[in-house]
Amino acid sequence: RDSQEANIKSLSGWNQWKRTSHKSWRKVLDEAKDLFSYLELWRHDIHSIEGKFGTGIQSYFSFLRFLVLLNFVIFILMFSFVTLPSVISKYGIFNSSIAKIPASGIEPHCTVYSPSGNKGLVYFYTYLKDLLTGTGFLEVTSLFYGYYTIDSAWISMFRYNLPLAYLLTTFAYLGLSLLWIIKRSVEGFKQNLVHAEDQFQSYCNKVFAGWDFCITDLSAARLKHRSLQYELKTDLEEERLKQKIANRTMKDKLRIYSLRLFLNIIVLAVLSGCFYSIYRATAFSQENSSSNGNNIKFEANLLVQYLPSIVITLANFIAPQIFSVLIRLEDYSPAFEIRLTLLRCVFVRLANIGVLLFSLWSHISSCATDKCNACGYNYELYPCWESEVGQEMYKLLIFDFIIILAVTLFVDFPRKLLVTHCSCKLVQWCGLQEFGISDNVLEIIYGQTICWIGTFYSPLLPAIATIKYFIVFYIKKISLIHTRKPSARPFRASSSNFFFLVVLLIGLLLAFVPVGVSIAYIPSSKACGPFRNFKTSWAVVPDTILGFPTDLQKVLYGIASEAFAVPFFIVVCIVMFYFIALAGAHKRVVEQLREQL
C-alpha cells in the first residue's frame, strides 16, 4: 500500500483523478451488487435449503428460480411487442387505430371462423371447463393466436407491423433462451471439467475435501456421511466391474451383449407402445371433441379433451419405471446406469411431445377434397389450427401442474402420515418417498419445453408458466421439508447444474423443430391470426423486404444467397476447428499439470 501511494504521488493530476474515480466507481458498483443480492428472488429460502440439505438439492431450486426469471422475461417480450400494441390499437388508446388488409386470392370458405365463445345462459361448470381446456370464452381472448387479427396498428403517426413483430418476437424469445442457457452452461462446464478427475484424485478429494460446509442440520449431516460412503462404495464397485470386464471370456461377452440387445429391443417396444398410444389418443380426442362436443356430458367431454395429456402423463410415469428395472439386468457401472436411465427418461418425455404434435399436424394437413386443398389445411375441423395447437399446449401445461399438486396432496402427505403414525413393518420398510433431483428436474424441463413450443400459438403462455413455477417452488419446498426425504444417491452441485442445463438445451432444440416447421412450411390459417394474408408465417419477411430501398434489398438478398453462405460456412468451420485444436492443447496442459500434482 505504501509503494502504491508513493506511485500515486508521482502521477500527474489527471492520472490521479482518473485512478481515484475508477476506485470510487468500482466501490459504488460493489455496493450496488450487494444491494441487489438482497432483492434476489427466494435468496433466504434457497440458502436455508442449502444449509439443511446440501448443495445438490439447492441446485434444483436455483434452477427452478432461473426458469421463473426466463419465463417472466419471455412474457415481457411477448406482451410488450405483440399483446400490448394489439390491445392499444383495438381500443383506440393514444389516438391509435387498426388496419386490416382485405384477403385477396383466398377462397371465401377458408376465411370462415366462428369461435365457440359462450353465448346466452351459461352454467358455472362450462366456465370451469373453458378454464381447464382453453375453449369457450378463453378462445377469443389475447391468450391465443386467433385474437391477433390486425395487419398493422397506427399509434399516433407510427405504423406498427404486427405480423413482422409477431415473427421477430418469436425469434427473439427463442434466441434469448438459447444464449442465456449457453452462458450458464459454459460456467457449469468449466466446473465440471475441473471435477472430472481420475479415480485416485477422486478418492483423495472425497476423503480430504468431500465435506459440504454449508450443512448446519444434524439429519442433513448424517445424510452427507451416508452420501460420501455411497460415493466410495460406487468407486469400489466401478473398480470391481472394470476387473470383471477385463476377466470376461468371449462366451461371457457374447452372453452380456445378447442380453443387452434383447433388453434394448424391449426398450424400443416400450417407446413404440407409448408413441402409438399418444397418437391414437390424440386422434380420438380430436375426432370426438371437435364434433358433437355439445351432446356429451361435461365430465366425458373434459376427459376426451384431456385424453392426450393423461396418456402422456401415464407414459412419463410408467416408461421410467420399466427402464429402471431393465437397467439392473444390463450389468453397467453405477454411474453409467444413472446416465443411461436419465437419457432414456429425457428421450421419452420430450419425444412424447413430438409425437403429439406430429399427430395434430397429420390431422391438420389431411385433405380429401378440392375445397380443403385450396386452403392448404383441414379448414373444416381446424379453421384456426394455430389456436388449436395452442390449446393443446395450454392443456398439457395445466395438467402437468395439476399432477404435481395432486401427487403432493394425495400421495406424499398420506404416506408421511402413515409412516409417522403407523408402526406396521411393511409401512416402515417402504418409508418416505425420496426427493429425486433428476426426476424433479425432468418434470420441470418437460413443462418448459411445452412453454417454448406453445408460446408461438399462445403468446401469454409464459405468464402462466411463470405463475406455475412460482407456485411449484413452494410446493416442492414444503414437500422436501415435510413429506419427503433427500435421495440417498448423491448429486454434486457443479455436475448437476451442468446436466440440468444440457437437458434444458435439448428441450429448447426440440422446440425449434415444430415452431420452425409451422413457420416455414405449414400454410397459415386464412381465417385468423396476423399471417392470414400470407401463404406461410415466414412469407411476411420477403414481403417486408420488398418495401425497402433497392440497394438495401440487393444487400439482403446477397447475404441470403449461396455466394455469401458457402464462404461464410467455410470461415465458421475454420474458426470452429481452431477452437477445437485450442481446446485439445489446453486439455493436454491440464493433464500434464494434473500429473505434476
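Cβ coordinates come from backbone N, Cα and C, glycine included.
As annotated in TrEMBL, transmembrane segment covers the listed stretch 306-329 rather than the other ranges in 138-161, 306-329. In the domain 'TMC' (384-494), helix, strand and coil residues by DSSP number 86 helix, 6 strand, 19 coil. Within the model, the domain 'TMC' (384-494) carries an average pLDDT of 84. Residues 308, 311-312, 315, 319, 322-323, 326, 329-331, 344, 347-348, 351-352, 355-356, 358-359 of the same chain lie 6+ residues outside the transmembrane segment (257-279) yet bring a C-beta within less than 8 angstroms of a C-beta in it.
Touching of the transmembrane segment (498-522) and the transmembrane segment (341-361) is concluded from the presence of at least three CB pairs under 8 A, sequence neighbours closer than 6 excluded.
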